[in-house]
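S.K.: Attaching a single structure in structure tokens format; questions to follow.
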Amino acid sequence: MRILLADDHELVRGGLKPFLAELSPDLDLLEADSYSSAHAVVEAGPVPDLAILDLRMPEGDSGGLETLCQNYPDLKVAVLSGSTDLDDVRFALHCGAVGYIPKTFSGPVLLQTLRLILAGERFFPAFVVDALLLDSLPASGPVVSEGEPMPKLLERLSVREREILAHMIQGGTNKEIARLLHVQEITVKVHLRNIYRKLGAANRAQAVRIALESGWTAA
């Protein structure tokens, strides 16, 4: 797996490396500290499986994002930013980014979010999804037909179901969750069916995505 991590702060890149290393045992991690160096890395090839980019960096500021997405339309781009300004998120979406990840996310949640993106999902936080639904722009999250705010979906879950969901977000398998909770694996599967039903999810990946997009921050 080949991933490009571009951020003008070396401390940020260094802090992310241990989590990115968990994505693949044969991870080829490429680094850049500006959009110009990010362009050079992609141009040198082969094109990374995913580019994780800070929205604003020297030599091009956020405008470099649009150029990169236009020049490499097949490149999956996830924006990692400290900004929660809706205009910034709209800009990233307009450029073609498949995800917008707040820097406030914990390491494990960031890791699970990147796994979803690599699997073909699109990710934008709950506040973004709500706003995009209101102004009729495309959104990646599920639409709640009753107009119910997405975070309230999580309130439907029992304490045990939330506990299981937390382990799912951490990447735990049914067998691992059963062992941690000292229950039978079939019990975990029953809870999973209830979780899917309450969240309106078709599968495990959708349930995790809905939780993350709803603002789930449990580490």
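The chain as shown is numbered from 1 upward.
Glycine residues also receive a Cβ, built from the backbone N, Cα and C atoms like all the rest.
According to TrEMBL, the protein has these features:
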DOMAIN    2-118  domain 'Response regulatory'
MOD_RES   Asp54  4-aspartylphosphate
DOMAIN    150-215  domain 'HTH luxR-type'
S.K.: Could you give me three numbers for the domain 'Response regulatory' (2-118), the DSSP helix, strand and coil residue counts?
M.R.: 55 helix, 24 strand, 38 coil
S.K.: How many helix, strand and coil residues does the domain 'HTH luxR-type' (150-215) contain under DSSP?
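M.R.: Here the numbers are 49 helix, 0 strand, 17 coil.
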S.K.: I'd like to know the mean pLDDT over the domain 'HTH luxR-type' (150-215).
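M.R.: That region's mean pLDDT is 83.
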